[in-house]
Structures are given as structure tokens and as C-alpha cells.
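Peer 1: Okay, handing you the structure first.
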């Protein structure tokens, strides 16, 4: 039996070979961020006006027709001249056509599938169903990854993502679009999760936090690349093809990616692990001693009087006892809120004013310092204070943001509004990174995988709900951001009720978990 952890003492906790393999794996996951955030541009907000009944009873070109049409067009007042003008574009520049009871302008996803006026909510439904696909994919492909390996699952995901992604671009109607997008959502779990696991299982325990953060930084890079692609490509079908086709190249990277050594060890495939270790030693320029290849498997005899736990643990064990139930509720609430607010801010940059593409790009930029600073600060101030602090920052940014935009204040303050929104995004992104680390430490070893998996499911629920929060702006313009801010504030308070894990002996058994943090 080979000793992979022993070999890491010579190879390095995160040596050159591990970095090369993991960075290549992270590159393969870049399209995941494209697809996760694509609806920002696929259903871009366009100028349109709904038809009014009077138009149907008026002859085009007559005074009655012009009067009815003018009342149906959205108008805005120029802040300098105080003159009223048609919203966004002069009417002479608008491409209009009539379809049943609606008038439309611009040909885009929203217009091609008639998702305006009474059907506007279908935009939110499409994104929610995508997140349902992500949830189902996490369950199904997570089990497949444990069965056939991380590498095979990753490339199956890349292949399916390519096929379904192209199918989305050629969707003949809204129904096909929603179905294929949901299937793409399922494949993102098949690509991102095995990629994440390969990275964390390649390194020593001391570097797992950094390894887990690195793939999140690549997600942010994909975030920024999507803004550039969308700026250059204004047709939604072409954009969908461009973000899908890189997988046609990526699938040829199969020989370059290795299977997770730890998964191979769990399947008794020691010779393959030994081959990986020798390759890593050659690339890292080190020599591995013979003992790491010839470690004997030690049979540990369990005395009859020692406690045994042979039963299968389920999600019920997370809430079976009072203290565990309290911690689980607080953890689940944080996961749900963080995901809801993260995607709410990421997918609604067009509501901030200014340039949509620049706003979206900045939203990706602020994530990188959020990830990096959170890693350093959390090991200094501890988990509860750091997490709550970042979520408070996010809450303040979200609540202040909408009140710095017109009609509340002059348009000259719009950059300040965008800054506050990005501060909100910064705080929530850092919270996203920290909750992964903290959750794994809070649950005892016996139910750690169950706990993290259940938490991830609540995160997907937040993603499913998130698109519908935008609809609250029809009640009051700032309401979506008020909701995001209020929930972030509540999540911060909830985090302060959870126990500190920094420097603590982590729980192992269910009894330890119940007593931990009492």
C-alpha cells in the first residue's frame, strides 16, 4: 500500500506538479461560470412598450393612433433641459412590430420568445429551472463521481455540457430553451464539483483551503471573460454558441488530467497512485524514498468495549438533537441567503444604471480580493466575527445602493451607487468562501459529508428563489436590494450564534457534535 500523504512531505504540500494539474483542471471549469451567469445577457433588458386597447380601434397614421401609442411608450424627463423624451431611444430609431397584444423593440432572446408584458415573469422561471438542474446534477453526478472517479465524471460533464449548450443556442421556442438550459445546469455540477475535489485531494491538508479558493478565483475570471464576450457579441444565439464551444477543445485534455490519487487509493488501485507519485517527483525535482511505495497496511483491532458506529447516517442526524438542530438551521439559513444574494446581485447588474457590461465586469473583479482577504482574516479573527463582518459589509452595500440612484438623487451619483453595490457583492462573495470552510469544521466527522451536502442543497434553493426577488421592484424600485441587505444582515446575526472552530478540537462523533459549542 502506497503512502500518498507521506509522499506529499517530499513533493510539497502544493508542489509544481499539483499546481500544473490543478490549474489545467480549473481552466476546464471556466465555461461553468459562463453558463451560470449567462442569463444576464441572454435575457438582456430591452426597451419595449405594451400595446393598449385603443390602438386596435385606431387607424395607423391617424391622430387617435398616435395619441394611444404615445401613452403606451415609456417616457423619461431630461435632468438638464427638463424636457420629456422616450425612454432609452428616440422612437424613430426603434425597430417595432406588433405581435398579438404586444408591441416590441429590438430582436433579442426576450423578444424572440415574447417574454415581455404579461409574460415577463417567464425570464425568472428560466433561471430558476436552471438552478433546479444544478441541484439535481449535484446529487446525481456527485454519486457518479464516487462510483467511476472524478476524472471520468468531469469529462462526461464537459461532453454533455457541450451538447446541451449548443442545443440551447438552436432552441426553437421557450420550452426547449428552458429544458436545455436546465440540462446545462445539471452538467455544471458534473464539471465544477469533480474539478474542485481533484484539486483539494491533490494537496496536503494544510493547503486545502487555498486549493478550494483557487477554483473560485477561476470562476471569477470566467465571470469577467463573459462580460467581454457579451460586449463583443450582441446576438444571444451566437453568444450561447461561443460560451459552449470551448468544451469541444477541452475534451481533448483527457490524457493530461490525472485521476484523484485519494479516490484511486480508496479503490485499491495503488499501482496507478505510485505512477502518479513518480511523475510528480520528476516534475518537482525530488526523490521519493522507497518506504512511501511499500507502506504496509495495518489492521487495527477494535476492542469489544470500544464504541462502534456502523449505521448509515442521514440528513435526520443533522437535526436529531437540540444543539445540532440549532446549528444546522443557522448554517442552512446562511447558505440559502448567501447564494440568493450572490446571484441576485450578479444577474441584475443592468438595474444599477451606467454601462451594463462594465458593471458586470467589475462584479467579477471584486470577487478576487474578497476570496483572498477572507482566507487571511478568518485565521486571525476567527470564523464567527469574520463571516458576520463580511455579511454586514454586504448588507450595508445592498441597502445603501438603490438610494443613490435616480430618481432619489442626481445621475452624477450613479458611480457611487455602483460602488455600494460592488461593496455588497464583495461582502457576500467572501461569505460564500468562508461558509464552505466553516461548515466542514462545525459538523462532526461521522456526518460531515452529509452536512456539507445538505447545506449545498439549501444553497441551490436560494439560487432558485433569487430570480424572483427582482420582481419585487414592481412594488417599489429599491425593494430587491433592501431584501438582499436585510437577509444579509440576518445571516450575519445568525453567524454570531454559531461556535468558534479556529484552533478548536473538531468533533468526531454525533455526541461530540451535540456538545460542541454548547
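The chain as shown is numbered from 1 upward.
Glycine is no exception: its Cβ is also placed from the backbone N, Cα and C atoms.
Curation does not apply to TrEMBL; its annotations are automatic.
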Peer 1: Tell me which of 357-378, 445-466 corresponds to the transmembrane segment entry in TrEMBL.
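Peer 2: My reading of TrEMBL: the transmembrane segment range is 357-378.
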Peer 1: With TrEMBL as the source, identify the stretch among 306-326, 390-410 annotated transmembrane segment.
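Peer 2: Among 306-326, 390-410, the range TrEMBL annotates as transmembrane segment is 390-410.
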Peer 1: When you get a sec, could you say which of 73-93, 94-114, 178-198 is annotated transmembrane segment by TrEMBL?
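Peer 2: Among 73-93, 94-114, 178-198, the range TrEMBL annotates as transmembrane segment is 178-198.
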Peer 1: Transmembrane segment per TrEMBL sits at which of 239-257, 258-276?
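Peer 2: Comparing 239-257, 258-276 with TrEMBL, transmembrane segment matches 239-257.
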Peer 1: With the ranges 154-172, 287-305 to choose from, which does TrEMBL describe as transmembrane segment?
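Peer 2: Matching range for transmembrane segment: 154-172.
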Peer 1: Summarise the model's confidence over the domain 'Major facilitator superfamily (MFS) profile' (85-503) as a mean pLDDT value.
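Peer 2: Mean pLDDT, the domain 'Major facilitator superfamily (MFS) profile' (85-503): 85.
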Peer 1: At a Cβ cut-off of 8 Å, and with pairs 6 or more apart in sequence only, do we get at least 3 pairs between the transmembrane segment (125-142) and the transmembrane segment (416-438), yes or no?
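Peer 2: Contact between the transmembrane segment (416-438) and the transmembrane segment (125-142): absent, because fewer than 3 Cβ pairs are under 8 Å.
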Peer 1: Counting Cβ pairs under 8 Å that sit 6 or more residues apart, are there three or more between the transmembrane segment (416-438) and the transmembrane segment (210-233)?
Peer 2: yes
Peer 1: Sequence-remote contacts (6 or more beyond its ends) of the transmembrane segment (239-257), Cβ cut-off under 8 Å?
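Peer 2: Here the qualifying positions are 21, 24-25, 27-28, 30-31, 34-35, 38, 41-42, 151, 154-155, 158-159, 161-162, 165-166, 168-169, 198, 226, 229-230, 233.
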Peer 1: Short question: most Cβ pairs under 8 Å with the transmembrane segment (154-172), which of 20-38, 210-233, 328-345, 357-378, 481-498?
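Peer 2: Maximum Cβ contact count belongs to 20-38.
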